[in-house]
Amino acid sequence: MPRLHHYLSNQAFLVLLLFSSIASAAVVEHVLHIQDVVVKPLCKEQIIPAANGSLPGPTINVREGDTLVVNVINNSTYNVTIHWHGVFQLKSVWMDGANMITQCPIQPGYNFTYQFDITGQEGTLLWHAHVVNLRATLHGALVIRPRSGRPYPFPKPYKEVPIVFQQWWDTDVRLLQLRPAPVSDAYLINGLAGDSYPCSENRMFNLKVVQGKTYLLRIVNAALNTHLFFKIANHNVTVVAVDAVYSTPYLTDVMILTPGQTVDALLTADQAIGKYYMATLPYISAIGIPTPDIKPTRGLIVYQGATSSSSPAEPLMPVPNDMSTAHRFTSNITSLVGGPHWTPVPRHVDEKMFITMGLGLDPCPAGTKCIGPLGQRYAGSLNNRTFMIPERISMQEAYFYNISGIYTDDFPNQPPLKFDYTKFEQRTNNDMKMMFPERKTSVKKIRFNSTVEIVLQNTAIISPESHPMHLHGFNFYVLGYGFGNYDPIRDARKLNLFNPQMHNTVGVPPGGWVVLRFIANNPGVWLFHCHMDAHLPYGIMSAFIVQNGPTPETSLPSPPSNLPQCTRDPTIYDSRTTNIDLSY
């Protein structure tokens, strides 16, 4: 009888826990009105697509376990999709918002409602447009707090503050796709350029703090193409999460975020009452490229009681090409073992891939002036394949309905040629082949619940730089980073299998490598791409098709009845319409 009573008590507890979890979940509804608005961060007014009339767009707040419903009403002049960057989308791949991968775009004058559950994630993520360069102005923070009654795994902060970094061009956003990686005119903090730039001296983000209080900074790098350093004068911060995954508390005075990455950091106002600049500065990782003279973008920490005449203290920023500082921060982030939603690293690997990545060339059309090396156009590739985005129908629909001719499932596990990846020299016809990758819509099929390990090897075919690789639909363990060519014997011994941080976006070091591991437990078509938008037209991307599992619960659902329909989309990424010197 005592054993039976103990069993029944446990069952009752589990039932109560289940009901409390259900009760704590909610349906959170938002509307994003996408329309063209006039803004003036610097000296010129520009018309941009924006959500709800603001730059950045609204912060969306939910709790883990909630269902998020967002109606996107497109009254702009652009085709639009919204991607929920870092959200797992378990059994909701149709809601991922990857243009021509999981859906056709929402055309002007139409709307579409995204609906999905937030499961097993807490922290800061972002939402953003996923059509050409619209992400430059169509983005915002997505904040996922613990379920009601569940604490953070760190002391409760006095206040939470979203801080969103942007990259700004004083030009029509449509022109950004006509030239490769244009230099931006400014960087913004929460939509404000600050006093480093003309016409913005009195428009600066101000964070007012109370001495002795601790603030949770929810930092988002929404810049289109740039990794960013971030620092606050005379203050340290404690990093407690990266990419909405709790981390071992890490005390630092400087952070770096790749495009699309997020950091949650605790800031304690423990200095003398006064004013202190916060500043962000681009990290220029490309090797052999002259470092431009770039001004830091500044905001202000203002202590309660500070006088208006106080001169702000300035942070000593890293130099823009400070690779050692960038690598030190990234490699010191580890997971919070035993924390909320933590899972151990799977030791058995079912599928191993070695993927080379970087820039190459594409032949210049006859009679056209192209601005890449050797008079050619830039291209990009993974394992020497330049990815071509479909134009007629989304890949997810083609896969679900078994429509042929849209993609091939022959993406290779190895590059076609082994060479010295970090010291490329064109000597043979094979070397020339590596410079001019094959153009193909090539994907990799993966069995459901397989454990996949990927070595990403940066190459020096064209000037190497850090590429922030983003995987839709999953987090992955980052087992290790390094420089030079990856050695499968020597470097494998150094991999962290105990407490590696999980990410959805990771910077592959210039002239180096990174090792990822993830469990393919989410059926669907999932994009894997460089999150520098300047590199998307070049084709540094592919996709994984995770096959259905053995049950209806582990298989793809049918698409929603109101999924946007395709017409031929003129804004589809196509490197054959870019990299041409258009004088105007």
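Keep in mind that glycine also has a Cβ here, set from the backbone N, Cα and C atoms.
Residues or ranges marked as Cu cation 1 binding site by Swiss-Prot: His83, His470. Taken from Swiss-Prot, the feature Cu cation 2 binding site covers His85, His128, His531. Summarising the annotation, Swiss-Prot assigns Cu cation 3 binding site to His130, His472, His529. Annotated domain 'Plastocyanin-like 1' per Swiss-Prot: 33-149, in sequence order. Marked as domain 'Plastocyanin-like 2' by Swiss-Prot: 159-306. Sequence annotations record features per position, and here Swiss-Prot assigns domain 'Plastocyanin-like 3' to 410-550. According to Swiss-Prot, the N-linked glycosylation site annotation covers Asn52, Asn75, Asn79, Asn111, Asn236, Asn332, Asn384, Asn402, Asn449. Annotation comment: Swiss-Prot describes 1-25 as signal peptide, evidence class sequence analysis.
Sequence features, as recorded in Swiss-Prot, placed on the structure.
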| residue | record | DSSP (3 states) |
| --- | --- | --- |
| Asn52 | N-linked glycosylation site | coil |
| Asn79 | N-linked glycosylation site | coil |
| Asn111 | N-linked glycosylation site | strand |
| Asn236 | N-linked glycosylation site | coil |
| Asn384 | N-linked glycosylation site | coil |
| Asn402 | N-linked glycosylation site | coil |
| His470 | Cu cation 1 binding site | strand |
| His529 | Cu cation 3 binding site | strand |
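Take the mean position of the Cβ atoms of His130, His472, His529, the recorded Cu cation 3 site; other residues of that chain with a Cβ within 8 Å of it are His83, Asp96, Ala98, Ile101, His470, Leu527, Phe528, His531, Met541.
Counting every protein chain shown, 27 other Cβ atoms lie within 10 Å of the Cβ of His531 (Cu cation 2 binding site).
Around the Cβ of Asn52 (N-linked glycosylation site), 14 further Cβ atoms fall within 10 Å across all displayed protein chains. Within the same chain, residues at least 6 positions away in sequence whose Cβ sits under 8 Å from that of His472 (Cu cation 3 binding site) are His83, Gln89, Asp96, Ala98, Ile101, Trp526, Leu527, Phe528. The residues near the Cu cation 2 site, meaning same-chain residues not in His85, His128, His531 whose C-beta sits within 8 angstroms of the mean position of the site's C-beta atoms, are His83, Gly86, Leu126, His130, Arg135, His139, Ala222, Pro259, Gly260, His470, Thr505, in sequence order.
Across the domain 'Plastocyanin-like 1' (33-149), the DSSP tally of helix, strand and coil residues reads 8 helix, 55 strand, 54 coil. Each residue contributes its Cα atom, and for His85 (Cu cation 2 binding site) and Asn52 (N-linked glycosylation site) these two points are 19 Å apart.
Broken down by DSSP into helix, strand and coil, the domain 'Plastocyanin-like 3' (410-550) contains 13 helix, 58 strand, 70 coil.
Taking only the Cα positions, the spacing between Asn384 (N-linked glycosylation site) and Asn449 (N-linked glycosylation site) is 27 angstrom.
Spacing of Asn111 (N-linked glycosylation site) relative to His531 (Cu cation 2 binding site) is 26 Å (Cα to Cα, whole number).
His470 (Cu cation 1 binding site) has His531 as its nearest neighbour among the recorded positions Asn52, Asn236, Asn402, His531, going by CA to CA distance.
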